[in-house]
Amino acid sequence: MTPNSMTENGLPAWDKPKPCPDGEPEWKLVGMSEACLHRKSHPERRGPLKHEQSPLIQASWTSSIFHLDHDDVSDQSAPSAQAFQTEEKKCKGYIPSYLDKDELCVVCGDKATGYHYRCITCEGCKGFFRRTIQKNLHPSYSCKYEGKCVIDKVTRNQCQECRFKKCIYVGMATDLVLDDSKRLAKRKLIEENREKRRREELQRSMGHKPEPTDQEWELIKTVTEAHVATNAQGSHWKQKRKFLPEDIGQAPIVNAPEGGKVDLEAFSHFTKIITPAITRVVDFAKKLPMFCELPCEDQIILLKGCCMEIMSLRAAVRYDPESETLTLNGEMAVTRRQLKNGGLGVVSDAIFDLGMSLSSFNLDDTEVALLQAVLLMSSDRPGLACVERIEKYQDSFLLAFEHYINYRRNS
């Protein structure tokens, strides 16, 4: 190939697009408004759009296949308007939002795909420039025609030296080409920033969760006061608890009616505290206006159904990981074996396991109170008359519980 023409100064006869402004050290997506203004002020960079099957368009066809809906492939026997639209979209290829669809590569005049190494180029020239710098190939390039080749999309692969010189001439920056280590570091930084944005977005979404309304705050206040007034020893249970002697309840010694064995001494201690514990649960329920509005028959059914559950919850939230004990009724600290041999059997394992799980949540009095109210208002108890009403009450406590958790997390 021979050079087609020369300029007056003896430079190659390619069009000379102006390089990017000196004040812009690197093209970035965040500054595209200024970049677009600069680009539009240089009409000599524009040219007619020519549809050719470039590697970019070929890649876009492959990408489009993976985005077809079921309707797109349901009938392949006859063409449709949607099929023509899909085919037309394939031919256009990917165009960044900041780039005009008819923007041309400043090196070869092919269809540009974006800003690469500080210039508007196609994928081919971007890859050529990157490989040349990364592998230090330019010293080995040589031109057969004294460095005067015209570089366009047809001839660009025929002379590497002239193509590289034009890349430099139009302003492509060698310092922006990263080696393997820098490229891996950049990729790692991108992943870290993406993860950071994901966490921030998650925190923002959590921050928008609703908190209690004024009406719910009134309900929360009533339930919390009812719990505090009927919870033995309150928040001072650790200071006031007494440990059951170690020699009590270590081994079952008497056969129980169900076929198991019970330590009578431990059983005697437990029966002494069970009656006041039940009384406190009843008092808690009576302090809730919603409960008092229910028929007496429903009140009895609800209390029979939830009494053991609420007492177990109150014991579970007083689990001490250090001593591995539960404090019953706010006064008696017992081990798992003592509770099991004292008559509770396998139920003791469930209560201890619940206590171990709840200990990591650090529940406050309000959360425990609302959980008790939810257990109390269980509409699935057999024999209830006001099922829908009780279910509505439970939903109110559940919603208040959720909103209070949001409030506590954000405060």
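Note: Cβ is positioned from N, Cα and C throughout, glycine not excepted.
Residues annotated as region 'Disordered' in Swiss-Prot: 1-24.
The feature compositional bias 'Basic and acidic residues' is assigned by Swiss-Prot to 15-24.
Per Swiss-Prot, the feature DNA-binding region maps to 105-179.
Sequence annotations record features per position, and here Swiss-Prot assigns Zn(2+) 1 binding site to Cys105, Cys108, Cys122, Cys125 based on similarity to another entry. Under a cutoff of 8 A between CB atoms, and with a sequence separation of 6+ in the same chain, the neighbours of Cys125 (Zn(2+) 1 binding site) are Cys105, Val107, Cys108, Asp110, His116, Arg156, Arg163, Cys167. Taken residue by residue with DSSP, Cys125 (Zn(2+) 1 binding site) is part of a helix.
Annotated Zn(2+) 2 binding site per Swiss-Prot: Cys143, Cys149, Cys159, Cys162, in sequence order, evidence recorded as similarity to another entry. In the three-state DSSP classification, Cys162 (Zn(2+) 2 binding site) falls within a helix.
Sitting within 8 Å of the Cβ centre of Cys143, Cys149, Cys159, Cys162, and not among those site residues for Zn(2+) 2, are the Cβ atoms of Lys144, Tyr145, Gly147, Lys148, Ile151, Gln158, Gln160, Glu161, Arg163, Lys165. Cβ-based neighbour count (10 Å, all protein chains) for Cys108 (Zn(2+) 1 binding site) stands at 24.
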